[in-house]
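Feature list (source: TrEMBL):
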type	residues	note
COMPBIAS	10-22	compositional bias 'Basic and acidic residues'
COMPBIAS	52-62	compositional bias 'Acidic residues'
COMPBIAS	71-87	compositional bias 'Acidic residues'
COMPBIAS	88-107	compositional bias 'Basic and acidic residues'
DOMAIN	142-400	domain 'BOP1 N-terminal'
REGION	1-130	region 'Disordered'
REPEAT	407-448	repeat 'WD'
REPEAT	714-746	repeat 'WD'
Amino acid sequence: MEESSSRNTRSSEQREEMEKVSGKTVKKRSKDEEDEEQEQVEVFNFNNKCSEEEEDRSDSEDSVFSGLEDSGSDSEDDDDEDDDEDLKVEPEQTRQIEEEDKKKEAAVTEVEEEKQEDEYQHDSSDEEDIRNTVGNIPMEWYKDFPHIGYNLDGKKIYKPIRNKDELDDFLDKMEDPNYWRTIHDKQTGSDIVLSDEQVELVNRLQRGQFGDVNFNEYQPQVEFFSQDVMLHPVTNRPADKRSFIPSLIEKEKVSKLVHAIKMGWIKPRRTEDDSRGRYYDLWTNEDSSLLARHKMHLPAPKAPLPGHQESYNPPPEYLFTEEERALWEQQDASDRKLPFVPMRFSSLRQVPAFPRFLHERFERCLDLYLCPRQRKMRVNVNPEDLIPKLPKPKDLQPFPTTQSLVYRGHSGLVRSISVSPSGQWLASGSDDGSVRFWEVCSSRCMKTVQVGGAVKSIAWNPNQSVCLLAVAQDSVVLILSPPLADRQIVLSTERLLSGQREVESTGEVGPVKWSDVEGEELSQGIRLKIQHPKAVHQVTWHAKGDYLASVMPDHSSHLQVFIHQVSRRRSQNPFRKNKGLVQCVSFHPVRPYFFVGTQRSVRIYNLVKQEMTKKLQANSKWISSMAVHPGGDHVICGSYDCRLSWFDLDLSTKPYKMLRHHKKAVRGVAYHRLYPLFASASDDGSVIVCHGTVYSDLLQNPLIVPVKVLRGHVITHDLGVLDVTFHPTQPWIFSSGADATIRLFT
């Protein structure tokens, strides 16, 4: 009875678990129904105890109340087993068992109806469609057959009729929204449209990700072995027996290999000696393939072959006389012509051993060891090919070649000269404080103006409609109007000088003061005075003749360059800050550009945009003078380090040509307005005239050819030619020097 009560308790617990799994709350039965169930369970237990075989086959009690969801087939088996058991009990008990089975079937059926699932829902298979049973073979094998495989019955599966051509395929591509996800199954010959899940799976696999979205590839690692000493080992499996017993199979293999080595069928591996490849003969021939790998290998210099004097029977002229032998013995070993005395023997057998053999071999090895050798890539070039082919000077005429006139009258250094635009008059300024006007053709001094100080620079106005001369004397710039022109030019000059002075609204007085001249200075031709804060070293005119620029080199001041307008008597400082000591300035002949030359570079400013457009690097220590080509695209600069730099503004900011023809400092440079000529004057007393052709084709570089060296000035106090200028219309050149003379070369 105790056993039956325990079984009753167990059956009631199983029944409750079944009710929880099925998800349905079973109503409490009455006490009578529970008693009937207990009686039936006792009958089942009695039957189970009577027959062990029947107990093994019968699992109806466990299958119903085990908490698992059984299919219909399982319930049928249970019924059959119950029927077998009913054969061994009484009819009354059998009837009660059948009623109980019906109740159980009704309860299970209700659960299955509420929660009925497809038993193949969670099944997976690599081959979803197994209609074609050809297996995993290339389907190209069936391309020449009308069928593509066989079904489960062994009958041929014929290929589907595909009437689609490329046009139909294109229309499907344009109209079918699922075309991009449609694939052709070669095994079944049908088109399959992939679902969203399948497309996502393909995308994940293409990106190198896992197929399962929920799979975590970064799961925390379970460290079975850690630094903490555990009480029990993780694995305590004893070692296998084969781990300490020699293997018979390996013993047979080793014996076969030993027998094959003894018979010579298998030869053991030979160890190659690397010493041969590691070391090589340094003095071997260059044709060796071993030395070909060493690109920087240089062959040793070969010893000279023996001559006639080293023969055992040399000619008589190679034998020493008594005087030569005595002289050879007295000389030092390094001064001797030969390191031995030539000797004659009647036969080669009589030649003794060479006493200095070991010493010579040692010196030879010492020379090879200590001789520094370097590979030099030499190219056989003809020196004449390196010299550019220049035309002959005779083909480049006309240019000045001969000294024609000498203008004498100054008593000091003639620092600056200038020619009028008409080419008839020449003006010169000297340290004797005078400005002289010369007639070019006759070298006659037409007028002398005393300015009361050394003249640093003069410049004739390039406008032919006026007659004005700017003179830089100390800190004053004088505007002279010499009476050398006709009445029409004099009237236009007066109108230019009588312009109204611009009245500044602020009323402040600037650093530059304009003033009119009266009295004796006015009678000499001086019309205006422009007072500057510092000493003026250079003056230059704009091409139109209204603007005048003056230079005052001074490191401590930003007032180094001034631009004056004569018609309005206005002055302005174009630069707030000067980068470097300004040496010379010049206006562009055509465009609104302004060239400012400092000690090391030339800056080009755009006066309209008020910005710097280019900076030329002269590559010289100190620039002394500058001239701009009449076309405006080329500039030449002279420097105190004897260099003349030609700049091509369209080519580069560095000199196109660097001429080093002078021996001393270059004082002045000049371009000719009409002819392709330029010249440079130096302290060596010479004027070098060069031919410089500028082509209209921008791809062709200028042609620069030195054509003539003009000499005539006498070097005085280490000063030679101080200034140079060309005649405006003729190929003539004027030069002024420290010998107080002006010379004309034609």
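Each residue's number is its place along the chain shown, starting with 1.
Using N, Cα and C of the backbone, Cβ positions are placed for all residues, glycine too.
Unlike curated records, TrEMBL annotations are generated automatically.
Since this is a predicted model, take the numbers as computed values, not measurements.
Residue counts for the repeat 'WD' (714-746) by DSSP state, with H, G and I taken as helix and E and B as strand, are 0 helix, 18 strand, 15 coil.
Mean pLDDT for the repeat 'WD' (407-448) in this predicted model: 90. Broken down with DSSP, the repeat 'WD' (407-448) shows 0 helix, 25 strand, 17 coil.
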